[in-house]
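Worksheet: the structure to be examined is printed underneath.
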Amino acid sequence: MHILVINSGSSSIKFSLFEAEGDEIRSLFEGEVAGIGGAKGSFKFRDAGGRDLSGGRSEVEAQTAVEAIGLVVEAVSGQGLPTVDAVGYRVVHPGAKLDRHQRITGEVLKDLEEAVVFAPLHDPAVIEVIKDMMAKFPGVVHYACFDTVFHETMPEVATTYPIPAEYRERGVRRYGFHGLSCESIVQQLRAEKAISFPKRMAIAHLGSGCSVTALVDGCSIDTTMGLTPTGGVVMGTRPGDLDPGLVLYLLRQRKGDQVGELEKMLNHDAGMVALSGMPNDMKAVREAVMKGDAAARLAVEIFTRSVKKALGGFIALMGGIDAVVFAGGIGEHDTRSRAEILAGMDGLGISINSELNGAKGDALRQISASDSATMVLVVPAKEDWMIAVHVHQMAQSTR
């Protein structure tokens, strides 16, 4: 069975083709169309061995998600690649009605369109892509995998906001995100024979979007993101948690489309880009810090402090911790962020080995010091693989 996975963002579309045989699911190729809506976009397409399949088309122009998906379809339909049997989509927010991954039907699409109110900057593009792909591949089964499902194990005390019941009854609650990333990490740790599976664990998924999730026995019990992916710890372009009074103040200061403008600001112009005055690129911010840039230094300090506070709170909530896991672009590759977040936690039994932390690598690895009571791990987030696993399971269950 060959499964095409579509991971659609606000300005990019990532795609992967997986082959499922028995219980084994392996990647055949992956690619990305980035810079959607801009004057100059980029196109990457390579096989599992890293061989470039783009045919020299590294620069492309795609003004809409549908134009970008046209490039994806053209890529996967050529070069003698296997026929697609099923398509799986990462959907950020399914709303209040959908609490499990499922085959996409007209009713499911209707529910997703109703859920746009919860994620107006994330869901519309993926819904557009789903509709276009269903038209292009009418004989193929399409499945939606939600970033929130993994967090359905959170108790009511973690999901409930202290607001009037009339809003809670409309589905206003903590949903949590990065669930597919967290689940892929749990699966990798369960399969890793060299370590004991941690009973109490915190996963810090740190990329453009950032969250920290507390897990007991591999199940989510709390997480920093809430109703939307805007809350929680400080992120690249999002502020994380803010005083509600501050949001009201910002609304009063704006004219015209107040909600729309504020929404754009909180999702695209806040967070570290607002603090540093630089593009959303941690490597560039780190270089600026090394050159003495005070704004960049403050941005990094606020970011790492917010993650440290979230981690500390979850350690208290779980009554201790057995493993801290770093994932995502920053979590996997920025050695300084890992060190700064865990600095001063020796008293909690958490310390890292500087040499192991500084070593480069893309595989699951342990970076904790030999005398650390808590394991510290770097684990790659495999969201697309996790989607392929779910699609394969759903397809098998309907046969």
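Any Cβ shown, glycine's included, is placed from N, Cα and C.
Predicted automatically and left uncurated, TrEMBL annotations should be read as such.
Among the features that TrEMBL reports, active site, proton donor/acceptor is placed at D147. Per TrEMBL, Mg(2+) binding site is recorded for N7, E383. According to TrEMBL, the ATP binding site annotation covers K14, H205, L206, G207, S208, G209, G329, I330, G331, E332, H333. What TrEMBL records for R90 is substrate binding site. What TrEMBL records for H178, R238 is site 'Transition state stabilizer'.
What TrEMBL annotates, mapped onto the structure for a quick look.
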{"residue": "K14", "record": "ATP binding site", "DSSP (3 states)": "strand"}
{"residue": "R90", "record": "substrate binding site", "DSSP (3 states)": "strand"}
{"residue": "D147", "record": "active site, proton donor/acceptor", "DSSP (3 states)": "coil"}
{"residue": "H178", "record": "site 'Transition state stabilizer'", "DSSP (3 states)": "coil"}
{"residue": "L206", "record": "ATP binding site", "DSSP (3 states)": "strand"}
{"residue": "R238", "record": "site 'Transition state stabilizer'", "DSSP (3 states)": "coil"}
{"residue": "G331", "record": "ATP binding site", "DSSP (3 states)": "helix"}
{"residue": "E383", "record": "Mg(2+) binding site", "DSSP (3 states)": "helix"}
Local backbone state of N7 (Mg(2+) binding site), from DSSP in three classes:
strand
Reported as an integer number of Å, what is the Cα distance between R238 (site 'Transition state stabilizer') and E383 (Mg(2+) binding site)?
21
Sequence gap of 6 or more, Cβ distance under 8 Å: name the residues on the same chain that satisfy this around H333 (ATP binding site), in order along the sequence.
none
If you compare CA-to-CA distances from E383 (Mg(2+) binding site) to each of the binding-site residues K14, R90, S208, which comes out shortest?
R90
What is the biggest Cα to Cα gap, in Å, among K14, H205, L206, G207, S208, G209, G329, I330, G331, E332, H333, the residues listed as binding ATP?
20
Find the one among the recorded positions N7, R90, D147, H178 whose C-alpha lies closest to that of G329 (ATP binding site).
H178
Just to verify: the residue among N7, S208 with the fewest other Cβ atoms within 10 Å, which of the binding-site residues is it?
S208
D147 (active site, proton donor/acceptor): nearby recorded positions from N7, R90, H178, L206, S208, G331, Cα cut-off 10 Å:
R90, H178
